[in-house]
Amino acid sequence: MSAPQIPNLNTLRRGGGRGRFRARGGPDSSSSSGNKDRVVQGTDNDASVSRLSAVELGYLEDPFARALTPMGQEMRRLPIINRGTYVRTTAIDQLVASFLGLKADSDPTWKLKKKQIISLGAGSDTRVFRLLSLRPALDIIYHEIDFAVNNTAKIKAIQGTPLLQRVLGQSQVSISNEGDELHSPAYHIHAVDLRTLAQKGEGDKSTGQDPGRRLQDFVDTTLPTLLLSECCLIYLSPNDAAGVVRYFTHTLFPASQETETLALVLYEPIRPDDAFGRTMVANLATRGIQLQTLHQYASLGAQRQRLREHGFNGGQAAADVDFLWERWVAEEEKERVAALEMLDEVEEWKLLAQHYCVAWGWRKGSTRFTGWGDLDGQSAEE
């Protein structure tokens, strides 16, 4: 999942952010609100272009990237953007792999347990296809939530691409009349405005006509579940962003002794108040992009506190992209990546990478989850 220039590390210089900035549309019918939603929706193209750039240059292996990039929009990104896309993607891949029990040293019991992922603002993200291609060894249900317009584009791509259809399989796949929702045994695409979920009260499982009803119909609340938000919640107001997380932690997955593990991974920009951060925010504003929770969760410490406040008491950690490059990427792999392109802007790379972070936390469940204990987080605002 990705983000505009910004969340994808994509663009202080080229504009265009990408984003797991997605899934958030709104009940507000004003033209101003509609325009803001369209700006956020448009960041998905930037994300897919950045992903394809990194794939074609050899940073990442992703056979599905081209199928989910709009025709004619291919573009080679700057080296620092390609490296940022690489670090963000591989770091989140490591967290996902650990949660799913895909590592060689994963607990055998946990590894065999069926699990669920819910991706907020997924847009054109390819992770679902990369994971579903591991079946039947991997038993998983994958949900994506986004604006209807982004879903429609993705579903059309699936319908027109045999490669994606083969991964999904042909059995029991249904598409809504509007073409903005898809449902199958292992993969669901939901057209839901996240702000409507934020408006539901704690423990409120009423159905009515709201989109949350459809979500509740398909989400299996008995499974260990991982929530992904790659530059998605940051586009909501602080109250709505917190409300969305509460919807999952209190309404769909209320904590109890019988509750299964619930985890959350966030990818967001940070540190808006130094010189680089102020320039970043100003550049995004010229494109109509407003990061509404940026100042509330401006540091690694604030992101960790956010996770604690939402009940992720099993553990919380966070690290900026610079730290992840230095500590999570093996030296041999660093050499391989460095050989792909000449990266002259080392100082700029470090500045950019220090202004984006990955944060992760989990809530203990009836099945023990320890898969993130070996992943280093940053202990201080270095």
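These residue numbers are counts, starting from 1, taken along the chain as shown.
From the backbone N, Cα and C atoms, a Cβ is placed for every residue, glycine too.
What Swiss-Prot lists as compositional bias 'Polar residues' is 1-11.
The feature region 'Disordered' is assigned by Swiss-Prot to 1-45.
Among the features that Swiss-Prot reports, S-adenosyl-L-methionine binding site is placed at Arg88, Gly121, Asp146, Asp193, Leu194, Glu230, with the record citing similarity to another entry. Here the Cβ of Asp146 (S-adenosyl-L-methionine binding site) has 32 other Cβ atoms within 10 Å, regardless of which shown protein chain they belong to.
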*Which state, by DSSP, holds Asp146 (S-adenosyl-L-methionine binding site): helix, strand or coil?*
strand
*asked:* Cβ atoms within 10 Å, counted per site: which of Asp193, Glu230 has the most, among these binding-site residues?
replied: Glu230
